[in-house]
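Visitor: Feature list, courtesy of TrEMBL:
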TRANSMEM  66-85  transmembrane segment
TRANSMEM  97-118  transmembrane segment
TRANSMEM  130-148  transmembrane segment
TRANSMEM  160-180  transmembrane segment
TRANSMEM  239-258  transmembrane segment
TRANSMEM  278-298  transmembrane segment
TRANSMEM  319-339  transmembrane segment
TRANSMEM  345-365  transmembrane segment
TRANSMEM  421-440  transmembrane segment
REGION    483-511  region 'Disordered'
COMPBIAS  501-511  compositional bias 'Low complexity'
Amino acid sequence: MTTTGEGNESGEADRIELKEEDAYDELGFSFPTWKKTSMNFNTSLYSNGLAGISAEFGVSEQAARVGAAIFLITYAFGCELWAPWSEEFGRKPVLQMYLGLVTYGLSSAGGSVTLGMIADIFEANEQQYAVAYIVFSSVGGSILGPIIGGFVEAYLDWRWAIWIQLIFGGFAQIVHLLLVPETRTTILLDRIAKKRRKSGQSANIYGPDELEPFFKRFTFKELLWTWIRPFRMFLTEPIVLALSLLSGFSDALIFMQIQSFALVYKQWGFSSVQIGLSFIPIGLGYVIAWISFIPAIRRNKAQRERNPDNDHAQYESRLWWLLFTAPCLPIGLIIFAWTSGGPPIHWIGTMVGSAIIGIANYSIYMATIDYMICAYGPYSASATGGNGWSRDFLAGVLTVPATPFYTNIGGARHLEIASTILFAISLVLVCAVYTIYYYGPALRKRSPFAESLASTSTDEAPGHPRRRVSRLLSEEYPHASIAQVGAPTSTRDTVPRVRNRNPGRNAGDGR
């Protein structure tokens, strides 16, 4: 615990700040397994209502796609704009606001807050299985939309493509409100401190945010810095920029390829239901990739335990399995490209290519998110916000030109040529994976937020090696937030750079 001098002039006893190690058993890290389980139902049925929207409003189907583009772009900015507030006000209220906004079609916080919760309830050396599950629930949920949408398009009015999403959104919000607890460490410490004061256990103990109220911690300038933190991290942190662009562009390529499904499978006479079912091979690829990561995670965990002082083992080794699975992206695209010409080629070839692409999509998302959560810990919601922004923004921007791209390029073999162009671009992206793996330490050294968090990580808690802190603080201003530490115009904050390896030092002292 840390004592402050507040209250001395009025004769009150010194206030004591409650630290993580003083209440570890009551924080998210010690939640039972059932409290650490979640599932995303991420469905998009909008495209299955395009024909109905076009007929209802007298516009072309191409113009009707603008609605999907607007949603994805605002969703992308929601990841960046709302996610950092979960690091100040708690995950639950921001997620509740997000669920309400996304249900009613406005900007949302996206999955970045969910990923930030991983850092709240799992230590860095234990997070990988949780990240693998969250990523699977996210990408797996995304293919449910087209599968269900095929049946909706065939048997229901187009409005049901919207109503089903509204029903699921409202249901998810109620379940989250009733069953999901708050996980943000600083918020929980405040609550625990209040509870201990009320019970008389300790009259002078206070949570980190109680010692300095919100409006003292945040001036208007600092509020602005908090809001733009994810954008700033995206632009100034090489790790965030490189991994977000890698994940975003790979997802954009896959999104473009998926937009061709209706064009490709109509050559074999597929109905809307059959086109929806053609997304199942992508899901199969997700399952294969998820299972393949289990032994890879075990190998990585053992490597980190054998090399506790090796930064490459602690960080970049998390990308090791991606070295083997990332090439599935160009391989799958080229297979899909040259089996998509229609009869007499059998349609099964395109589905084999789609399954291989699914392996790559899951692997790239999983590995980049795991790396970023490890590097940015409690501020991973802001860091992964850049990843989510690039994926959703690029998908939104490409929604409208995707179909013209596949219909207007390459003449008679326009489908094959268009996918081959995506294949060529993916080769460049795969090269970036190897660059990040081998030159990651140099990137981290040029990433001030990541280096600052690494320098204040601790390793003295038994069974919890290299514990990450819940907030990055400056030495001069012990209650400053990362928004203040990270502000480039501020000269008052100095972040400690020496990693704590002294077993006798408290876990919170370096914060």
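Just so it is clear, glycine is given a Cβ too, placed from its N, Cα and C backbone atoms.
Nobody curates TrEMBL annotations by hand; they come from automatic prediction.
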Visitor: Should anything in the same chain at least six residues away from the transmembrane segment (239-258) have a Cβ under 8 Å from its Cβ atoms, list it; otherwise answer none.
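Guide: Answer is 146, 233, 279, 282, 329, 333, 336, 357, 360-361, 364-365, 368-369, 371-372, 375-376, 383, 386-387, 389-391, 393-395, 398, 402, 405-406, 419, 422, 425-426, 429, 432-433, 436, 440, 443-444, 447, 450.
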Visitor: Taking contact to mean 3 or more CB pairs closer than 8 A (sequence separation of 6 or more), are the transmembrane segment (421-440) and the transmembrane segment (160-180) in contact?
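Guide: No; fewer than 3 Cβ pairs under 8 Å.
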Visitor: Hey, which bits of the same chain come close to the transmembrane segment (278-298), Cβ under 8 Å, at least six residues off its ends?
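Guide: Residues 128-129, 132, 135-136, 139-140, 143, 146-147, 258, 261, 265, 270, 320-321, 325, 332, 350-352, 354-363, 366 contact the transmembrane segment (278-298) from elsewhere in the chain.
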